[in-house]
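*Asks:* Submitted below is the structure of interest, expressed as structure tokens.
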Amino acid sequence: MTILPISAFSDNYIWTFIDKIAGVLDCVDPGEAAPIIRFAQSNQLTLRTILLTHHHYDHIGGVDSLIKQWPSCKVYGPIDERINNVTHPIKQGQSVQVGSLHFHILFNPGHTSTHISYYEPQQGWLFCGDTLFSAGCGRVFDGTIEELHESLLLFKKLPRNTKVFCAHEYTFQNLKFAHTVEPCNSSVINYMQQILKQPSSCTLPSNIDLELSINPFLRTDKEQVKQYALSHGANSSDSLDVFKVLRNQKNSFK
């Protein structure tokens, strides 16, 4: 099985699993249908499964057209009335089998109130939608900042070699903010320089080990990150207080 990011909109990735022997493909968060239909038809593949992480349109917008094209396609997603056409509603603690893959469902609210992620422990793959980005994290919409903080703490506990399949190409912009928070972080500096050598390349998947070294939202226990937060109005150096300031500062960062 091959994993391929199919681009959608300006910066979305639709992560796609391709099994050419079986003649099928599966995808995560198809915000647009056309790129999937084109790819499937050009490779003579049938869409078997759709995995959804949350209700935002740039993640579910293609579902209606895709299930019209492939009516037998299974659609997994969180229990949320804002998402239509989910054939298999799922929640924390359940598992989903996609071909030979067995995904554990992780409940990760914060970005939205019902956000979930798909974790495949045997392969070490995490499909985390908009909860975790490389060097960043999602904004808070209808979830809470406390929930988002807890969701990222959960990701910190995953094995360090876990590959992180984020839904957006935000890495370089996130690194610029990370460099503002930790200007002496050599991992951030080196990664920025690496990306600048191939600025149009896909930076994903990332991995937990890398994120622990570059992502300020996973580094709230580090002294320089705490000092940044305290200098920008944090009530204390407690992890949640630091996280709140980081998220607020990132919201207006340009």
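Cβ coordinates come from backbone N, Cα and C, glycine included.
Below are the features listed in Swiss-Prot for this protein:
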- His54, His56, His111, Asp130: Zn(2+) 1 binding site (BINDING)
- Asp58, His59, Asp130, His168: Zn(2+) 2 binding site (BINDING)
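Could you place these features in context, so I can see how deep they sit and what lies close by?
*Replies:* Under DSSP, Asp130 (Zn(2+) 1 binding site) is assigned to coil, being neither helix nor strand in the three-state scheme. Summarising the environment of Asp130 (Zn(2+) 1 binding site), the number of other Cβ atoms within 10 Å of its Cβ, over all protein chains shown, is 25.
In this structure, His168 (Zn(2+) 2 binding site) is part of a beta strand by DSSP.
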*Asks:* Fewest other Cβ atoms within 10 Å: which of the binding-site residues His59, His111, His168 wins that one? Let me know.
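*Replies:* Candidates: the binding-site residues His59, His111, His168. Fewest Cβ atoms within 10 Å: His168.
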*Asks:* Determine the minimum-neighbour residue: among His54, His56, listed as binding-site residues, which Cβ has the fewest other Cβ atoms within 10 angstroms?
*Replies:* His56
*Asks:* Give me the CA-CA distance between His59 (Zn(2+) 2 binding site) and Asp130 (Zn(2+) 1 binding site), in Å, as a whole number.
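*Replies:* Between the Cα atoms of His59 (Zn(2+) 2 binding site) and Asp130 (Zn(2+) 1 binding site), the distance comes to 9 Å.
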